[in-house]
Amino acid sequence: MIARVIDWSIRNRLLVLAACLLLLIGGVESLTRIKLDALPDLSDVQVIVRTELPGQAPQLVEDQLTYPLAASLLAVPGTRAVRGFSMFGESYVYVIFKDGTDLYWARSRILETLSQTTGRLPAGAVPTLGPDASGVGWVFEYALVDKSGRTDPARLRALQDFYLKLELQSVPGVAEVASLGGMARQFQIEADPARLAAHGVSMEQLAQAVTDANRSGGGAPLDMARAEYLLRADGYVKNLSDFNDIPIATEGGVLRLKQLANVSTGPQLRRGLADLDGKGDVVGGIIVMRHGENAMSTIAGVKQRLAQLQKSLPEGVEVVTTYDRSSLIERAVHTLRNKLLEESIVVAVICGVFLFRLRSALVAIVTLPLGILAALWIMRVQGVSANIMSLGGIAIAVGAMVDGAIVMIENMHRHLEQHGPSDDIWPVVRKAAKEVGPALFFSLLIITVSFLPVFTLEGQEARLFAPLAYTKTYAMAAAAMLAITLTPVLMGYAIKGKLPPESANPVNRALKRVYRPLLNAALYRPRLTIVLAVLLLASTAVPLSRIGSEFMPPLDEGDLLYMPTTLPSVSAAEAADLLQRTDAIIAAMPEVARVFGKAGRADTATDPAPLSMMETTIMLKPRSEWPAGSAKNNAELIAKLDETVRLAGLTNSWGFPIKTRIDMLSTGVRSALGLKISGPDLVELEKQAAQVEALLRAVPGTRSVFADRAQAGRYIDVDVLRDQAARYGLSVAEIQRAVQMAVGGESIATVINGRERYPVTLRFPRGDRNGLAALSEIRLKAADGSIVPLRAVARLSIVDGPTEIKSENARPVAYVYVDIAGADAGGYLDAAQAALDNGLQLPPGYTLSWQGQYLNFKEAKTRLWTAVAMTLLLVSGLLYLHFRDLRKVMLVLACLPFSVIGGFWLTWLLGYQLSVAVVIGLIALAGVATEFGIVMLLYLDQAMEERPDDAYTAILSGALLRLRPKAMTVAVILGGLLPVMLSDEAGADVMQRIAAPLIGGMVTAPLFSLIVIPAVYWLALRPRPTAVAAGSDAAAVAAITPAATGTAVDAPPAQEARL
């Protein structure tokens, strides 16, 4: 069939050229429209349910909101996990769905379930869905800075909430704009309890009076003087003066609010703080991108809109970028684009050097850009973004893409060198292409099939490496089609006239001088050659026993994320102080450009962080601006920062912005490795977590470890004395209501000022609610109208309790976060598990499980090896269909273990760990090695057909004929991969792990196909000589006998002449 395709292409060569022109146009057009991102979206499909219950403790939130919601949402189809977070006044439920679930289908099913559950929730609790964003949707962050000092923090927060936020939410691709930091303004009414008691006014009366005074209304239209007039009655409270004049009806007459309370403006209760460069509180904004959008275009739209809005901000107020993912995207795409260009140039130079003819080199190289453009075209149609992984798939395929064209062109050269120029070049083209075309296409098909194991990956590893697998497959498929369609056509047009013989090229002569004696020795001692090859294979036991393991190599995102943890009972003031101090230390480092810190949560459902959880985004300067003697890479810089940032009460944790958020979403822990302890009792969970923390701290390789303190919060409990309350005619609800209004700062109204909205709160002054003694004197109105202090009907005490309750699948959990110093997560996990096995005894009903990305690698590795075994069976079947000889099938399959010898050795020597990236490099190497074996057998079989009676000469000549195309293939693959290995730009960390096995294998795989395969062919596959031919073979073997003793000699003169 392939031969017929070649014939058709040559007959319809103008049509082939026109189709390639269309491919070129479509590919170039795709370059301008393809989505750009730094990484594939590795996050799980998630839907967030957020519910507010103001003023309520985490335990009540857990009992009345989180648990019933989580229990009902577990029944939603496709649910993989349901994680709950119960905090002060808020509940977050994260529903994680299985891979392949459509986000908007999942959201609709969640809404269906909520409609049935909402009726069982407390009054006023309304569950809402978070934004339709992925777990890595935080693509851009900024801060509002007033360098003039004329704009107060409250005004800056108002500018963010009611101006910038609304404008930016209209940018295409933006799902939400979350505000953070600053002072969110509110009107505060502090009622004097003594004056209320003196005038017999309750807090409920005060709240009702304020509510009644802040209304607007209207009526039906009026017809007057042949016109329609609309009626409106504006009663909104607009300022402090309006509040002070609100009338309060009492038994003694009418009073004004100012006679009973003090009205002022102040900050709302702060559950999130922000800091810039360690200089104090700032207002910030976070751009959350909608699921599936183009990150690059979304960020560009946001920056363009901010530039427009900057002109209308008050004088001195500036928008400062604190995190910009487009920088990483640009660096990653720029790096890989440059590497592809460098690889193309290197391939062109190599082809020119070996073929000694520029036009021939151009024929080989022209398939490269066309194959790349074809892959990009399919990527755009499929919706795959251009990112580090998808472009990396093309980068590692460059060398193999031109292999088919190289072999075909080299065969064309051989025909022209042997027969000289021809007036009609097309028969020569047809013959040369059809000789090697079917085997080449088949070998490229094998390379493609060998990558099938990557498509069996699941979860995060599938989302990470599937784009690479797709693009490499597309590129190889395009190269295979171009090799049997375009390349023969271009050969006919470009390769004409008299060509210099192969012996005229000094590179080819040098290669033959080295190769021929080695081949002679291998053919003379074939069994010894095989034994030496097996010993070389056995040597891989050394690197295999010393290589560690990891899920994926650290991706240099260009920015760092510092996530220290402190005790859960930390106050907002203390958290702000710790945040500012750590940020100031980091900002003083010479490698750091900007620091943006956050404590607590931003105003978004995507950030359920307590005040004890801090996140500092560190924007680094370009490496060229780092001072001499500074850290050489991010790993050294993190170690330097970890030694510098040491504050009492903080446990350090370092990572990267995108990677850390992926970890938190996929496993529930914010470190690459952690443990989850499940059980029914929070006190026992904290006890067990603390014990695990102590055990892991002693394990070598632990940089830091921190366990959740579920019971580390401080509470003032108000226990109602029911018998005493009954004596005064007070119900539990009345007592709780009085306490809530006096202390909790309940929102009773909203001030509307144009587009701005501010809540109104009512409570007692600080002096009347600060401490047990003051709280004990809260006045209650008994049934008979008398005033009763709270201490008469309740007992107040200070106790410990949870500040946050976490659950998974409606079961309480505690996490232990582990930050390890080395890269060998597998070795650390084994040592840590041994320590836990020896020192930890969990009570009945409690379970412990490891969490983190390394566990994904273990699962992925199991699936990969299973898929590799099945793929080998498929490849074996394809090889048998091609050769119809089981011995040749086994010989080609033998290329696989021998090819990975160099791959394992180089991986270990470079200090890399075994990861999914390395395994993918080994799989790619196996495909190339299979192609080497197929093509070598093709040449040997062809030579044997030409000289059936002279096996030695046939094998020698066939192997020598394979030398030049083999050397070109190895050179172009190495030339294509070396730019990646020498790079230190964004994305290089991952691509180097894939490239290293390929580069190492380009030493052992060619040696096996050039040396061992001919020896095995001579030993087992050559036709048994007839009586006449036996003498010829015997003479040939005798002629090369001195090679075995150390003297390098060529074949006999008669044979040399024929070569």
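The backbone N, Cα and C atoms fix where each Cβ goes, and this holds for glycine too.
What TrEMBL lists as transmembrane segment is 361-379 (among others). Among residues of the same chain six or more beyond the transmembrane segment (361-379), those with a C-beta under 8 A of the stretch's C-beta atoms are 20, 23-24, 26-28, 30-31, 34, 340, 344, 347-348, 351-352, 355, 385-386, 390, 393-394, 398, 401-402, 404-406, 409, 470-471, 474-476, 478-479, 482-483, 486-487, 490-491, 494-495.
Long-range contacts of the transmembrane segment (436-455) within its own chain (CB-CB distance under 8 A, at least 6 residues past either end) are made by residues 2-3, 6, 400, 403-404, 407-408, 411, 465-466, 468-469, 472-473, 476-477, 479-480, 483-484, 488, 864, 867-868, 871, 874-875, 878-879, 882, 920, 923-924, 926-928, 930-931, 934-935, 938. Residues or ranges marked as transmembrane segment by TrEMBL: 436-455 (among others).
Residues or ranges marked as transmembrane segment in TrEMBL: 475-495 (among others).
Outside the transmembrane segment (522-544), and at least 6 residues removed from its termini, the chain residues within Cβ reach (under 8 Å) are 897-898, 900-901, 904-905, 907-909, 952, 955-956, 1004, 1008, 1011-1012, 1014-1016, 1018-1019, 1037, 1040-1041, 1043-1044. Per TrEMBL, the feature transmembrane segment maps to 522-544 (among others).
Here TrEMBL flags 864-883 (among others) as transmembrane segment.
According to TrEMBL, the transmembrane segment annotation covers 890-910 (among others).
Counting only same-chain residues 6+ beyond the ends of the transmembrane segment (916-940), those with a CB under 8 A from a CB of the stretch are 396-397, 400, 403, 407, 436, 439-440, 442-444, 446-451, 453-454, 457, 461, 464-465, 468-469, 472, 551-553, 857, 860-861, 864, 868, 875, 879, 882-883, 888, 891-896, 898-900, 903, 907, 954-955, 958-959, 961-962, 965-966, 969, 973, 990, 993-998, 1001, 1005-1006, 1008-1010, 1013-1014, 1017, 1021. Summarising the annotation, TrEMBL assigns transmembrane segment to 916-940 (among others).
Annotation source TrEMBL lists transmembrane segment at 961-982 (among others).
The feature transmembrane segment is assigned by TrEMBL to 994-1020 (among others). Tertiary proximity for the transmembrane segment (994-1020) is limited to same-chain residues at least six positions away from its ends with a CB under 8 Å from its CB atoms, namely 392, 396, 468, 515, 518-519, 522-523, 525-527, 529-530, 533, 536, 887, 891, 894-895, 898-907, 910, 912, 917-918, 920-922, 924-925, 928-929, 932-933, 936-937, 940, 951-952, 955-956, 958-959, 962-963, 966-967, 970, 973-974, 977-978, 980-981.
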List, by number or range, the same-chain residues at least 6 past the transmembrane segment (961-982) whose CB is under 8 A from its CB atoms?
339, 342-343, 346-347, 349-351, 354-355, 395-396, 398-400, 402-403, 406-407, 410-411, 414, 502, 508, 511-512, 515, 928, 932, 935-936, 939-940, 943, 988, 991-992, 995-996, 998-999, 1002, 1006, 1009-1010
